[in-house]
Amino acid sequence: MQRNASTDSIGPMISTRPLLAPSVILLLIWMIVPLALTLWFSMQRYSLLDASAGGFVGFRNYVFLFTDPNLFNALANTIFLVAGVLVASVVIGLACAVALDQQFPGRGIARLLCIAPFFVMPTVSALIWKNLLMHPVNGLFAYISRTLGLPVVDWFAQWPLFSVGVIVAWQWIPFATLILLTSLQSLDRDQVEAARMDGAKGLRLFRFITLPHLARSITIVVMIETIFLLSVFAEIFVTTAGGPGNASTTLPFLIYKVALLDYNVGWASAGGVIAIILANIVAYFLVRTISHNLDR
Amino acid sequence: MATVTLNNIRKNYGSLEVVKGVDLEIRDREFIVLVGPSGCGKTTLLRMIAGLETITSGDLAIDGKRVNDVQPDERGLAMVFQSYALYPHMSVADNMGFALRMAGVPKAERQSKVRDAARILQLEPYLDRRPGQLSGGQRQRVAIGRAIVRNPKVFLFDEPLSNLDAALRMQMRIELARLHHELDATMIYVTHDQVEAMTLADRIVVVNGGRIEQVGAPMEIYANPVSTFVAGFIGAPKMNLLAGKLQCTSDAAQAILEDGSAVTLPTRPGLANGDAITIGIRPEALRVTADGSLAGRVTVVEHLGGETLTHIELASGQLATVKTDERAPAKVGQTVRLGVDPRRLHLFGPDGRAVSRRSEALQPG
Ligand SMILES: Nc1ncnc2c1ncn2[C@@H]1O[C@H](COP(=O)(O)OP(=O)(O)O)[C@@H](O)[C@H]1O
Ligand SMILES: [Mg+2]
């Protein structure tokens with residue numbers, strides 16, 4: 001049958017799927033192969049120290065992990081770290097964004113400085129905090145405490161998880177600030193003026209107009225940060241190495257310890273699968289709240 | 001009682017003067033329309049009255065009390081924004097009740113006031129919706145409702161209808177007129193549309209370049225524009241403005257237009273022979289007649305149903321419009337002569353100001 005080119009769109013004539021296929025297939029392989037390998041290894045007895053050991057063990061690696069108190073400690077640490085950094089970065093990021101949205105001399109430089117930590121590599125910023133700021137002897141904080149005659153805090157020994165959280169938050173506050181600042185700038189000026197005429201000023205203007213306007217961006221900040229915070233590693237590695245004891249060992253760090261310090265690939269893979277499941281649970285709730293928030 | 005008095009109000013943005021000394025006395029329950037071309041400072045003026053913009057100099061008084069330094073929410077005004085400026089995250093009812101909530105009015109009273117306003121504006125079925133779920137006209141009504149609920153002394157409107165389509169605009173115009181009648185409030189309305197000004201206003205204020213050009217009742221301004229600017233701005237289609245020179249003889253005065261044709265003037269204006277003048281003729285005052293003093297060729301005929309506009313290119317190249325009832329007086333391409341009724345002629349001097357019709361002053365020399 002002859003098609004009339006002038007009336008029919010060319011869309012249905014060409015199947016576009018084959019054109020998409022290369023990228024889709026590549027991404028699928030990229031995702032499926034490691035996942036399948038992890039699943040496979042998690043059911044193997046596979047230790048790098050013992051070449052003779054091997055073979056299928058079913059769920060025994062999982063059973064072992066779930067009976068290990070280290071796992072729950074690591075899970076709890078992960079949740080504390082992620083939640084704490086999220087709260088800190090949203091609250092402080094919001095404050096920074098509001099401050100940077102005001103007119104004041106030197107605003108451009110202040111904005112640049114406020115955003116800068118985001119561009120510092122995690123290892124570098126962790127080293128700066130560890131050696132220049134939080135060090136019990138050479139650190140700035142210790143110097144300040146001594147000058148004021150207060151007891152010196154050995155941050156990574158006394159508050160390991162909190163200290164790691166501070167470093168991570170320092171890196172992620174700029175991200176939150178950036179997103180929330182752009183969102184603030186997109187707030188309709190007429191809307192603010194209408195609210196002013198309606199008698200909303202200062203904190204009430206913020207509470208009833210600004211904050212609802214920012215809800216969407218806050219959700220996006222929470223989602224993106226969660227994805228990255230669940231896999232925080234370098235900061236722990238550089239500062240506390242998961243210690244003292246297991247006090248700052250999170251799930252990714254536990255997997256690292258099991259796989260590369262104990263050379264037990266089977267257990268580490270099982271831990272990895274648990275991390276994947278955890279991430280998916282979080283993702284499920286996030287996508288639900290976000291689709292609710294974005295659906296306006 | 002709500003009068004608004006502007007006394008030599010000025011506004012500068014840096015060194016740029018946007019409002020250049022405005023004096024205006026707005027009476028109680030008056031519907032005043034500020035009209036002028038885009039960028040003439042209408043919005044700035046309205047925002048100064050609202051308190052959203054500081055007043056550089058001059059005095060603003062509401063009910064005789066100086067309010068230059070009073071906060072916007074304490075001036076007893078409500079404003080309807082051109083963009084509606086509804087709160088997107090609140091329901092229609094919450095939008096309308098927001099000011100009362102901020103003022104600490106109890107919930108029950110708030111709800112009853114919102115319902116009253118919703119009834120006036122036929123918004124009752126939409127109270128639970130979000131602004132995003134409403135049409136343009138409905139959003140406009142919510143914006144007006146938000147103003148009504150506050151029971152303000154003065155309503156301020158900034159081009160409230162400019163985002164609506166033509167049919168809706170006409171409907172809302174009628175609704176606004178009804179609302180003014182029902183609410184019995186003072187209203188200050190800004191627009192660049194002279195039709196809105198003519199139909200809604202008790203008094204029109206024509207603004208040009210940050211200054212008031214003329215204040216008066218719509219028909220008064222239509223009949224006696226004080227300048228070529230007002231003459232060209234008020235009235236649709238535009239008044240025909242034809243440039244020429246004054247030629248006075250002992251017993252008559254004539255305007256000699258650019259193509260040499262002579263139009264007899266009703267009186268002898270107090271101007272010198274040879275002065276540059278402009279004559280203004282409303283399209284409905286211009287007639288196609290065989291013995292007319294102007295000649296030209298018909299270029300376009302527009303049939304609007306009840307009336308017909310015939311556009312004629314005069315010999316000088318100037319364009320003139322003739323408005324008649326249904327039947328067109330001539331066909332496209334035809335050469336016609338145009339007659340002017342001297343009594344319906346407007347005369348403007350070299351400075352563009354109207355020359356008084358009663359001015360019979362004898363010219364010197
Ligand atoms: N915030 C501002 N800063 C500088 N110039 C402004 C500002 N707001 C308005 N203007 C200028 O003032 C003039 C009048 O503006 P506006 O009152 O909005 O005009 P209108 O409402 O009559 O169209 C315009 O030329 C505009 O460019
Ligand atoms: Mg304007």
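Backbone N, Cα and C define each Cβ position, glycine as well.
Automated prediction, rather than curation, is the source of TrEMBL annotations.
What TrEMBL says about this one:
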DOMAIN    A:75-286  domain 'ABC transmembrane type-1'
TRANSMEM  A:20-41  transmembrane segment
TRANSMEM  A:79-100  transmembrane segment
TRANSMEM  A:112-129  transmembrane segment
TRANSMEM  A:159-181  transmembrane segment
TRANSMEM  A:214-238  transmembrane segment
TRANSMEM  A:265-287  transmembrane segment
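In terms of C-beta pairs under 8 Å, the stretch of A:20-41, A:79-100, A:112-129, A:214-238, A:265-287 lying closest in packing to the transmembrane segment (A:159-181) is A:79-100. If you look at the transmembrane segment (A:20-41), the same-chain residues 6 or more away from its ends with a CB under 8 A from one of its CBs are 265-266, 268-269, 272-273, 276. Against the transmembrane segment (A:79-100), stretch A:214-238 shows more Cβ pairs under 8 Å than any other of A:112-129, A:214-238, A:265-287.
Outside the transmembrane segment (A:112-129) by six or more residues, the chain places 96, 100, 163, 166-167, 170-175, 177-178, 232, 234-235, 237-239 with a CB less than 8 A from a CB of the stretch.
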